[in-house]
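What follows is a short report on a single structure.
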C-alpha cells in the first residue's frame, strides 16, 4: 500500500512545482503575440478560473472521501464506470506524454541561440548570445531520463522534501522575474517611449488581428476574439497539475488535522493565477507584441529559450548574464516538472491497478496488473518504471522541431480538459447525491435516520471538510469552459490548407476517450450497443465521510478577542492565519 507520509507543505509545493514547468516561460511570449500584453494578462486570469473551478470540484469530493485515484474514482462512482476508467487512462496518457514533452523542451533549451541580426537591431552590447553545448539530443534525453527515474525511486518522504525545495526555488524565481521586469520598466534603462510604452501607439494592449494558416489576416473584432481565444488555449498547458493535491491524498498524513486538500487546492489555484498573471503583465511592459522572436503564426508550436519573453525582456534592456541564467533555469524547471509528471503518472497507474474491473480479463494482463499494484517502501516501483518508459518518446527531440513539441503539448492539454470536464459533471451528481443523503432519503446509507449520520453529508455542517460557496455553479462553469476549449481548440486547423498533423493533435484525445469508453461498455455489457447501460454505485459510505477536527478551521481568520483588536492573542492568531496561506 501507499504510505501516508507527506505533510501539507510537501503537497503544496509538489502541486506548485508540477504546474511550473515550461508553460509560463516558453508560452507567455506567444500569448502576448496572439492577444497583446493586456489581453494576455486577462487570458491567464480567465483560464486560471476555469482550472480552479474544476480543481475545487475534485478537491471537495476528495476531502470528504479521500480515495486512491480520485480523478477516476469519482466519475466511476457518480457518473458511469466506463467514463471513470476512461478518465483514469486519459489522465495517465496525459502525464506520460507530458514527461516526453518536458524532455523535448530540455533539448530545446540546450540550443539557445539569439539571432545576431536581432541583437544588432536591439543595440545589445554583445554581438553573440548563444549557449549550444556539443551534446546530441539523444544523450541529453538519456541523461535526464535517468535522473527522472532515480528521483522517483526515492522513498516518498524524501521525494516530498526535495519537491518542497524545488517548489520554493521556482516560486522565488517567478517573484524575481516579476520584480526584475517591474524595475526594468520603471528605470527605462533603454528609452522606449515612457511608461506602458508597449500599450501605446504604435503598439497596443490588445493584438489587432490574427493570421490564419492560408496567410489571411483576420482583423477587427473577429481578429481580436480569435487572438484572445488562441492565447487562452496557449495558457492552459502552464496550468496542468492542479489535481496533484488530490492525487497525493493516499500518501497524505494530514488530511484531517491540517485540512490539506482544502487548503492545498486553494493555495495552488491562487498562487498560480496570481503569479502567472503578474509575471505576464510585468514582462508585457517590456516586450511589445510585435517583437519578431515571439511572432509565431503556426497553429501549434513551442519555442526555444530565445523565444521566451523573459529572456527577450533582459535583452531589450541590455542586461548581460541574465539571458543565460533564465534559459538555464527553464532547464531546471522542465526537469523538476518531468520528475513530478512521473510521480503523478505512476500514482494514477497504481490506482488503476488496484481496480480489477479497469483491466481486461486475460491471465497475462491480470499478472501484470498485480505487479503494478505492488509497492516497496511505499513506492510503486513497477508503476514508476512503466510510466518512465514512455519518456523515451522524448527521442522525438532528435528532429529539433518546435511543432512536434507543440503537438505533444496540445494532446496533453485536450486530454486533461476532457478529464476536467468529466470531474465537473461528477461533482454535479455528487452534489445531488449528497443533498439526498443529508435529508435522510438515501436508502443505501446505514442508519440514515440518525442525525449524526445525516450531518456528515450536510454541506452546511460546521465540520464539513471543504465547501466553496456557489460550487455547483462553478462546476457548470468548469464544464462549459473545458467543453468550449475542447471543441474549438483547433479551429484554425480547418482553414485551408488543412495541416493534418495539427488537426490530429488537436482532436485525437476526443477519439481516444470515445474508444476507451466503447471498449469498457463492451467489456461490461457485451457487444450489443442496445444493452449498454450506465453503471454507477453512487456509494457515499466507502470510505466513511471525513470531518474537519480543527477549531478554529484552518484558513479562516478567527480572532481571540473580536472586541479588542490590538491584543497579543489577536496578533498571534493573525500571523498564524498568514502563515497557513504562505507556507
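Even glycines carry a Cβ here, placed using N, Cα and C.
The shown structure was predicted, so the numbers you read here are calculated from the model rather than taken from an experiment.
Sequence annotations record features per position, and here TrEMBL assigns domain 'Amino acid permease/ SLC12A' to 10-435.
Among the features that TrEMBL reports, transmembrane segment is placed at 42-65 (among others).
Per TrEMBL, the feature transmembrane segment maps to 86-110 (among others).
Here TrEMBL flags 135-157 (among others) as transmembrane segment.
Taken from TrEMBL, the feature transmembrane segment covers 164-184 (among others).
Under the heading transmembrane segment, TrEMBL lists 231-250 (among others).
Positions annotated as transmembrane segment by TrEMBL: 270-291 (among others). Counting only same-chain residues 6+ beyond the ends of the transmembrane segment (270-291), those with a CB under 8 A from a CB of the stretch are 16, 19, 24, 28-29, 31-33, 35-38, 40-41, 44-45, 48-49, 51-52, 171, 174-175, 177-178, 181-182, 184-185, 195-198, 203-204, 207, 235, 238-239, 242, 309-310, 312-313, 316-317.
Per TrEMBL, transmembrane segment is recorded for 321-343 (among others). Beyond its flanks by at least six residues, the transmembrane segment (321-343) meets 14, 17-22, 25-26, 95-96, 98-99, 102-103, 105-106, 109-110, 112, 114, 129, 131, 144, 147-149, 151-152, 159, 163, 166, 169-170, 173, 177, 180, 241, 244, 305, 308, 310-311, 314-315, 384, 387-388, 391 of its own chain at Cβ-Cβ distances under 8 Å.
Away from its own ends, the transmembrane segment (377-398) comes close to residues 1-3, 5, 92, 95-97, 99-100, 103-104, 107-108, 136-138, 140-141, 144-145, 148-149, 152-156, 251, 338, 342, 345-347, 349-350, 353, 371, 404-405, 408 of its chain (Cβ-Cβ under 8 Å, at least six residues beyond either end). What TrEMBL lists as transmembrane segment is 377-398 (among others).
What TrEMBL lists as transmembrane segment is 404-428 (among others).
Annotated transmembrane segment per TrEMBL: 472-494 (among others), in sequence order.
Summarising the annotation, TrEMBL assigns transmembrane segment to 500-522 (among others). Distant neighbours of the transmembrane segment (500-522): 81-83, 85-86, 89-90, 93, 298-300, 403, 406-408, 410-411, 414-415, 418, 486, 489-490, 493-494, 529, 532; these residues of the same chain sit at least 6 beyond its ends, with a Cβ under 8 Å from one of its Cβ atoms.
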(message) Looking only at the recorded stretches 42-65, 135-157, 164-184, 404-428, 472-494, which one has the largest tally of CB-CB distances under 8 Å to the transmembrane segment (86-110)?
(response) 404-428
(request) Summarise the model's confidence over the domain 'Amino acid permease/ SLC12A' (10-435) as a mean pLDDT value. (result) 90
